[in-house]
Every structure is written in C-alpha cells, then in structure tokens.
Amino acid sequence: MPIVSMDGTNDSMVTEFVLLGLSASLEMKILLFLFFSFYVGIVLGNLFIVFTVVCDHHLHSPMYFLLANLSLIDLGLSSTTAPRMITDIFTEHKVISFPGCMIQMFFVHVMGGTEMVLLIAMAYDRYTAICKPLHYLTIMSRKTCICFVVTTWVIGVIHAVSQFVCIVNLPFCGPNKIDSFYCDFPRVAELACTDSNWVEHVVTANSGLISMGTFFLLIMSYIFILVTVRHHSSAGLSKAFSTLSAHITVVFLFFAPCFFVYVWEFPTLSLDKFLAILDFVVTPLLNPAIYTFRNKDMKVTMKRLSRKIVSSKEQS
C-alpha cells in the first residue's frame, strides 16, 4: 500500500509475498500433488519411529534416542513447507503474509541447522559403538546424549538468528514475487529496496559454511571409522560399512541440495526449487524407511508391537 511521506516521496511497504510455485501446467500440478501427498507418509513414518522408541524399552539406547530426535526434526522441517505447498498447488493466487514469510524462513533454517549438527552427533555415536564398543555406554551416557541434543538446537537457532536479523530489517517497498514455493533468505533478500549484496553474502557464507563444514566432518568421520575397523579386521569392514550405509545415504540426500542452493550458484532457479524438494519431502520420507526396514532391532520391535496390538484386540 503506497504511503506518502512528509518530504513528498512515495514509499510503500510490502505486506505480503507472492509465491510463484513450481509450475503452472495442470499435468505438473497433479504430479506434484501426488508427490507432496507423501507428506502423510512423512508424518506417520516419523511419528511411528518416535512412538516405537519411546514405548519399547529395548530401544532405550543412545542411538535410538538420537534417531527419535532426528525424526522429530525431519517432521518439523517438512511441516514448515510441505502443507503450504500442497494447498498452493491448485490455488491461483499463492500469497504469504510478510510475518508468515519471516517465520517460515526462520524455522526452515532452525530445523535445517539443527539436523546438520544432529547428524554429526549420530556419526559420533556410530564411531563410539564401532571403534570403542567396550566403553560405548560410558561415553554415550544419558547426560551426553541430552547435551548433544541441546547443543544441536542451540547451534540451529544461532544459525537461523544470525541470518534472520540481517533480513527482517531490510526495506521492502516494491517487488514481492518469489520464484519459489517457499520463503528463503536469498530469495527474499533479492527483493529488498536497497543494496542487499552484503546480506546475500552473509547468508551464503553462513549456510554454506555450516553445510560444507558439517558435511566434510561427517565424511572424515566415516573414513576414520572404516580405516580403524580395517586395521582390526577386514571382515569387520563390510559389517561396519553396512551399518554406516543408512547414515551415509541420509547425509548425501540431505546435503546435496544445500550445496546447490547455497554454495553453487546456477543460472536458473528451476533446479534449485526441485532440489529443495529433496530436503523437505524426499529425505524426511526416506528416513523412516531407511532406519526401520534396514534395521534389525526396529523390525523385531515392530513385530513385537504388532503382536501386542493383536493380542489386546483379541482380549477385548
């Protein structure tokens, strides 16, 4: 809405942003609707992992404690964007309010930063279990696990706040169309009515640093684990790799889009948008499948819970 200041200049303040989405074609919208309907699977799958870990005392161990927290973060990360993406697919005028856009950006980066650091904690858990099995329960005590989780959230909040304070006070007085299906710091900064290059550099440096730093730290930890196991037993190498394969799969699926969106600039934003779907839809959906169907303890627990449910129904 235009506002005329006392000096006669015409200022305006953006109160909402228009999300251009992914595609205007009906066929693509139908495909995307089917794709984003996987959000139901994300909710049910991740809540199932949390419920199973909490209810079964056999899974009250450091690894599954961290896994339950990963499921909660995946659910939160997906919920910041996926429900709105689903409702916007068949909506002609895709509008998000200015406060809503700011809140979405903030929580996307809180959840994303928290998950990156949590993956490091999970890698350290696997390192301790594989390389120092006799001291595992001593090192990965309950207090240590809680400290890990608290630290991941603190770093995630700091990561988001350090970028949010740079964006929220920028003047927005003209363009309000975002060529994406969600609000993100780089896209919104481009719409500011001032030179925002320094903000974009801060965002790129911040997100790029935490993405590349945690990724290379994770890769180094995997290499160190495999080298350590190989020195002790060549037979144990394949077993260790099998144990780490699920974690490695999650890491590559999660970090690949971050590299392309925040580190490697493309001439077109189309690829960025589709890569972002991996983080918001694909990875949160695959995590439950990877950690349940490829995990012996989880499969045994699922059978145990199903037998309890069946027996309780028969008794009733």
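Glycine is no exception: its Cβ is also placed from the backbone N, Cα and C atoms.
Listed in TrEMBL for this protein:
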- 30-51: transmembrane segment (TRANSMEM)
- 45-291: domain 'G-protein coupled receptors family 1 profile' (DOMAIN)
- 63-82: transmembrane segment (TRANSMEM)
- 102-124: transmembrane segment (TRANSMEM)
- 145-172: transmembrane segment (TRANSMEM)
- 208-229: transmembrane segment (TRANSMEM)
- 241-262: transmembrane segment (TRANSMEM)
- 274-293: transmembrane segment (TRANSMEM)
Same-chain Cβ contacts of the transmembrane segment (102-124) under 8 Å, 6 or more residues past its ends?
63, 66-67, 69-70, 73-74, 76-77, 80-81, 84, 96, 148-149, 151-153, 155-161, 163-164, 167-168, 182-185, 188, 207, 210-211, 214, 217-218, 221-222, 247, 250-251, 254-255, 258, 279
Distant-in-sequence neighbours of the transmembrane segment (274-293), which means Cβ under 8 A and at least six residues beyond its ends:
22, 35-36, 38-39, 41-42, 45-46, 48-49, 67, 70-71, 74-75, 77-78, 80-82, 85, 112, 180-182, 246, 249-250, 253-254, 256-258, 260-261, 299, 302
In the same chain, who gets a Cβ under 8 Å from the transmembrane segment (30-51) while lying at least 6 residues past its ends?
22-23, 67-68, 71-72, 74-75, 78-79, 82-83, 85-86, 89-90, 277, 281, 284-285, 287-289, 291-292, 298
